[in-house]
Amino acid sequence: MHPLPGYWSCYCLLLLFSLGVQGSLGAPSAAPEQVHLSYPGEPGSMTVTWTTWVPTRSEVQFGLQPSGPLPLRAQGTFVPFVDGGILRRKLYIHRVTLRKLLPGVQYVYRCGSAQGWSRRFRFRALKNGAHWSPRLAVFGDLGADNPKAVPRLRRDTQQGMYDAVLHVGDFAYNLDQDNARVGDRFMRLIEPVAASLPYMTCPGNHEERYNFSNYKARFSMPGDNEGLWYSWDLGPAHIISFSTEVYFFLHYGRHLVQRQFRWLESDLQKANKNRAARPWIITMGHRPMYCSNADLDDCTRHESKVRKGLQGKLYGLEDLFYKYGVDLQLWAHEHSYERLWPIYNYQVFNGSREMPYTNPRGPVHIITGSAGCEERLTPFAVFPRPWSAVRVKEYGYTRLHILNGTHIHIQQVSDDQDGKIVDDVWVVRPLFGRRMYL
């Protein structure tokens, strides 16, 4: 008996659906993809992370020569990650940490196993110690669709302009979207940058789904808090990454607010004891304390949760960061660029009228969330606030040059104006007496 006319079409659709669970038509692939680097916080090291669709060994082959054999080997581990979407797609996330790297030396590497290898990538090992001048690309809110900053970031990376990337929350829009296929597409998109530079992150609100599981699984940050909060040293700076999202998604546990706050205070105390060696303290968190955008986001409220804490009094971060003399606070979330005057409790504390950022008496805030995503740019309120110094409603990203222990150079690159520098400022602070704002 012949099957009904619709039988074969239904069968084919079911077959395609089942194959799609692994992310591609055909047999699941053992070839590495979504390759990216991170700095594990240990001098002379670098972590390589990648994805396969079947379990394989986790190995990195590396060396100094761009062609020919790669004589050095490092092994690691993989963990299966099951996305929380309806298809329960399974990815295998591999991590290998390379150690005893020569500072400032360029390495060539590939990752994978006998079942399949990635192409060759290059990276330059971070220099050790405090006496060098790191250059970073800084941005947030970069999506798989409308990723305006990516082509220029790729060119910058190929030209060796940066030592690391700081992605200040909100990835892909969203990593979990379409049963995490959008996350896969995004990780492939950033590979030309992230496979060559340590790509350091913090979580944003768009990572929240399934308790931030895609963010925690896909990125490999230092520490033992699943990349939600951690710190690391880079040249003359101590960089602290933290989660603003613990203040908003309380159903995952109010205890996380307290845990992070206590960790932050402990880390800031240690950073201040080490201030002679690492004079700059820089923080990165997704949702800003302040902004002058024309929306109803938390940063537009006088008693914002990030600034003042839960119920306006519990675990607020502005007093904490001011107490321990944080120099520079990096934010995103608003799809625009805004630089504030040195500020504390809505009061401007410029160093002087002529040189406001020389020995400022309050932290400097930079909001850089215009790298490009499907939600487009965020407009500003018609009238700037008294504490707002520069506002740019254009796609772009920030360049941060930590020149030495006293000087930081900040520039905003406009993709709308073909790479034009639309903001340029130096922050200057003395080597001594850095903890307290006077």
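Just so you know, glycine gets a Cβ as well, placed from its N, Cα and C.
Small disclaimer: the values here were computed from a predicted structure and weren't measured.
If you look up Swiss-Prot, you'll see D141, D170, Y173, H335 marked as Fe cation binding site. Its Cβ taken as reference, D170 (Fe cation binding site) is surrounded by 28 other Cβ atoms within 10 Å in the chains shown.
Here Swiss-Prot flags D170, N205, H286, H333 as Zn(2+) binding site, drawing on similarity to another entry. H286 (Zn(2+) binding site) carries neither a helix nor a strand DSSP state and counts as coil. Around H286 (Zn(2+) binding site), a 10 Å sphere centred on its CB holds 29 further CB atoms from the protein chains shown.
Within 10 Å of the Cβ of N211 (N-linked glycosylation site) there are 15 other Cβ atoms, across all protein chains. The N-linked glycosylation site feature in Swiss-Prot is assigned to N211 (among others); the stated evidence is sequence analysis.
The N-linked glycosylation site annotation in Swiss-Prot covers N350 (among others), and the record cites sequence analysis as its basis. Spatially close to N350 (N-linked glycosylation site) yet at least six residues away along the chain are W341, P342, P356, Y357, P360, R361, judged by Cβ distances under 8 angstroms. Mapped onto three states, the DSSP output places N350 (N-linked glycosylation site) in coil.
When Cβ atoms from all protein chains are considered, those within 10 Å of N404 (N-linked glycosylation site) total 15, not counting its own. Under the three-state DSSP scheme, N404 (N-linked glycosylation site) falls in the coil class. For N404 (among others), the entry in Swiss-Prot reads N-linked glycosylation site, with the evidence type sequence analysis.
According to Swiss-Prot, the signal peptide annotation covers 1-26, on the basis of sequence analysis.
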Inter-residue C-alpha distance, N211 (N-linked glycosylation site) and N205 (Zn(2+) binding site) (nearest angstrom):
11
D170 (Fe cation binding site) and H333 (Zn(2+) binding site), distance between Cα atoms, whole Å:
7
If the Fe cation site is taken as the center of the Cβ atoms of D141, D170, Y173, H335, which further residues of that chain fall within 8 Å of it by their Cβ?
G140, L142, G143, G204, H206, A332, H333, G369, A371, C373, E375
Fewest Cβ neighbours within 10 Å, where candidates are the binding-site residues H333, H335:
H335
